[in-house]
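K.L.:
To start, I am sharing the structure in question, which I have written as structure tokens.
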Amino acid sequence: MVKETIRVYARVKPLGRRQQAGSYSVDDEEDLLSSLEITVPRDLADGFVNNKRETYKFKFQKIFDQEAKQDVIFDSIAKPVAECVLAGYNGTIFAYGQTGSGKTFTITGGAERYSDRGIIPRTLSYIFDQLQKDSSKVYTTHVSYLEIYNECGYDLLDPRHEASRLEDLPKVTIMEDSDQNIHLKNLSLQQATNEEEALNLLFLGDTNRMIAETPMNQASSRSHCIFTVHVSSKEPGSATVRRSKLHLVDLAGSERVAKTGVGGHLLTEAKYINLSLHYLEQVIIALAEKNRSHIPYRNSMMTSVLRDSLGGNCMTAMIATLSIDKRNIDESISTCRFAQRVALIKNEAVLNEEIDPRLMIVQLKKEIQDLKDELELVTGKQRTSELSQEELLQLDELIETFLKDNDPDSTLDVGADMRKIKYCFIHMKQLMNHPTTSDKKLLSQNISEEEDTNKESGEELEKLKDLLQQRDNEINILVNMLKKEKKKAQDALFQLNASSACSTVLEQSLPINLEDRQSPSSCSSLKGAKDFSSSVHRLPLLSRQTGGKMSLGCQEAFEVFKRDHADSITIEDNKQLLKQRFAEIKCLGEKLNEVRSKINCLKGEITQRHIQRAALAVSSPSEELNMFDPVEEKLRMQIEEEKKSYKTMFNRFKGLKVEIEHLQLLMEKVKMKMQKDFEVWWSEEAKNLQEKPEMVTSPNTVTVYPQFIKSLQHLSTNSFSEITRVSPNEDPAGKNNSITFSNPTLKTRTPQSSSTSIPLTGDSQADADILAFMKARQRILQRKGLENK
Ligand code: ADP
Ligand code: MG
């Protein structure tokens with residue numbers, strides 16, 4: 001058991017270009033706790049006597065200032081926890097801080113650069129690396145990704161992958177069993193056999209998280225996300241299994257409601273966050289107090305899920321993320337205050353070892369079979385567990401004869417077979433319980449006689465009896481275990497109320513282990529999930545949401561939007577980098593092949609040399625030929641050299657592969673984000689259009705086509721009432737297939753200078769889209785123009 005307090009770290013986010021730094025200083029002492037001092041100037045502008053404290057000092061395990069890089073964060077905070085998890089202890093790392101302070105950046109990573117990847121991808125990489133190195137154990141790894149929003153849990157690794165709203169994802173609920181263990185119903189555990197699979201799952205979860213978020217519900221800042229890696233290990237042949245899990249938690253923003261200044265729907269959300277973080281705080285206060293017997297874990301879903309991580313069986317680290325610019329100093333101070341309380345909590349991590357009853361049964365079965373075989377060898381007879389009908393009849397006869405026999409020396413000999421001996425006893429007991437008077441007499445007389453006879457039985461019989469007894473005991477143990485298992489399974493089934501096949505259980509105390517879950521029904525769901533995770537998850541967002549259809553106008557608008565989007569630079573950069581990496585990996589692959597064939601050549605030379613020397617030894621034997629061959633030695637050394645360079649290159653090759661994979665995922669993420677932004681922008685523009693229908697200038701102004709509304713509706717949930725537009729078909733001349741429109745933000749119409757003329761396609765829906773797009777574009781240009789001025 002390892003007893004230690006939660007390790008609390010602070011990370012200061014780099015200041016933005018326009019931000020003004022608050023006054024703070026970091027005192028970083030080697031081997032000691034670091035301290036952070038924040039100074040708040042007395043605010044004279046408040047116009048009243050201000051008794052606020054000026055300087056606040058907080059202690060942390062370590063403070064990572066603005067320039068700290070992701071690899072350093074991983075090495076100092078996450079690596080030690082990951083090591084514990086590999087050794088069989090539970091671990092948790094959670095980030096706490098206001099929205100925008102860098103929680104997601106720290107836990108998951110930035111979406112731009114490979115070097116920005118956060119704790120989750122680095123930890124996955126580290127864990128799989130270590131597992132690969134350790135061949136002494138058999139490891140199984142699963143991951144789960146849970147999002148908690150407004151006290152509801154959602155499974156982010158939903159294999160159906162069609163969710164466009166959080167509510168479409170499977171709802172996860174909490175169950176507590178009679179031993180007060182928490183079970184999460186409907187949270188899928190997906191097996192990941194290597195880093196790539198695990199990263200794909202992470203990417204899938206992040207994508208689902210992003211898609212589910214709309215401007216109205218900024219779920220990422222208002223929800224808690226828990227990515228969990230479950231590791232189980234077992235030595236080959238052993239029945240002992242170690243199970244551990246690592247929670248990597250991105251908490252909701254800790255800012256207070258008053259500051260968010262929102263009403264209505266958003267306020268409900270803010271209140272909820274506040275509630276759940278408030279309950280987290282309550283738990284932490286209760287834990288820090290001595291002699292508190294009740295800890296209010298059950299008040300919120302998040303504290304229930306993280307119960308073990310807080311004051312329980314877990315190695316826990318917290319990262320307080322701080323925005324140190326002037327405007328956020330207050331929030332940073334309250335984050336630090338929270339951190340100081342967390343630092344007082346003591347956890348007791350224990351090695352999560354358990355005997356796997358299934359493996360135990362297998363072992364005992366084998367032992368029973370061995371004993372049976374041995375018995376068969378000694379008696380020369382095969383044993384089944386039941387006596388045959390014939391044998392039973394025979395025994396009945398024997399007993400009857402024995403009981404009727406008046407000879408005091410008569411014996412009841414059934415041989416060294418425990419089953420028969422037992423049967424005789426049972427039979428006699430029955431006779432005793434329902435006796436005829438004469439039988440009774442006879443019986444008691446005979447029993448004492450039998451006892452005497454038994455005493456005389458030989459040594460071998462005793463030995464075999466022992467053996468049989470042993471076997472019976474084992475059978476009893478097995479039967480009991482099976483009963484218990486069955487009961488537990490039934491209980492669980494009852495509690496989960498016939499939960500669906502993919503419902504899984506997070507807590508290690510779960511009686512059904514991972515392998516058990518691979519029952520035919522759940523197995524198929526896992527398999528399905530895996531198949532999909534390697535293929536479907538790369539479907540682009542928009543085509544997914546619009547069923548693969550995007551009208552021509554919409555496509556064109558998207559092309560322009562893409563070009564002007566801020567992220568297009570990132571995509572371009574990453575494209576270049578990818579190109580570079582592809583070229584590099586290709587070149588490396590070629591080199592690797594070269595080295596491999598070189599090694600093969602050298603090996604061939606050695607073989608050739610052997611043959612030559614063997615031939616020489618036959619034709620003209622000499623002492624020299626049996627001796628050490630310097631040429632061969634040289635060849636061997638060359639091979640060693642080549643092997644070394646092969647290994648170095650191969651490692652680089654592997655590294656590059658991971659980097660490329662990651663870059664591809666990053667790019668897809670950015671692309672999806674862009675499509676999402678486009679979608680939002682597009683629907684906003686459509687809404688504006690609806691509100692200002694007078695913007696079109698044309699000789700003819702007609703009511704909008706219904707297709708136009710439809711085409712916009714498939715991109716937005718906003719409904720349209722009436723929009724006016726020009727219909728090319730109603731051009732009186734019938735030739736002027738173009739539309740002209742003025743800048744909508746200008747009240748005075750100056751058609752020639754600020755209007756654009758574009759050709760129409762004749763396809764009514766496409767034309768409507770083009771029209772909408774051109775207007776929107778015009779408006780942006782106008783806005784840009786104003787900004788530039
Ligand atoms: P949170 O999850 O706490 O709301 P984010 O992680 O989304 O905050 O960070 C907000 C923004 O700041 C993101 O654009 C992120 O890339 C950037 N950011 C945060 N921390 C850092 C850092 N240490 N270095 C560089 N950029 C950062
Ligand atoms: Mg975030």
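Any Cβ shown, glycine's included, is placed from N, Cα and C.
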K.L.:
With the ranges 690-725, 726-761 to choose from, which does TrEMBL describe as region 'Disordered'?
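P.N.:
TrEMBL lists region 'Disordered' for residues 726-761.
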K.L.:
With TrEMBL as the source, which of 129-181, 447-499 is set down as coiled coil?
P.N.:
447-499
K.L.:
Would you count the other C-beta atoms found within 10 angstroms of the C-beta of T104 (ATP binding site) for me?
P.N.:
21
K.L.:
Might you list, by sequence position, any residue in that chain lying six or more from G97 (ATP binding site) with a Cβ less than 8 Å away from its Cβ?
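P.N.:
Sequence-distant Cβ neighbours: K103, G253, S254, A320, T321, L322, S323, E331, S332, T335.
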K.L.:
So among the binding-site residues T99, S101, who's got the most Cβ atoms within 10 Å?
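P.N.:
When each Cβ's neighbours within 10 Å are tallied, S101 tops the list.
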K.L.:
Scan Q98, K103, T104 for binding-site residues whose C-beta lands under 6 Å from an atom of ligand 2 and note them, or write none.
P.N.:
K103, T104
K.L.:
Does G102 (ATP binding site) have same-chain partners at least 6 apart in sequence with Cβ under 8 Å from its own Cβ, and which are they?
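P.N.:
Long-range Cβ contacts: R11, K13, A95, T321, S323.
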K.L.:
Residues near the ATP site, G97, Q98, T99, G100, S101, G102, K103, T104 excluded, by Cβ within 8 Å of the Cβ center?
P.N.:
K13, A95, F105, S221, G253, T321, S323
K.L.:
These are the binding-site residues: Q98, G100. Which one scores highest on other Cβ atoms within 10 Å?
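P.N.:
Counting Cβ neighbours within 10 Å, the top one is Q98.
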K.L.:
Could you tally the C-beta atoms, other than its own, that fall within 10 angstroms of the C-beta of K103 (ATP binding site)?
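P.N.:
Looking across every protein chain shown, the total is 29.
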K.L.:
If H, G and I count as helix, E and B as strand, and all else as coil, what does DSSP give for Q98 (ATP binding site)?
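P.N.:
Looking at the DSSP assignment, Q98 (ATP binding site) belongs to neither helix nor strand, so coil.
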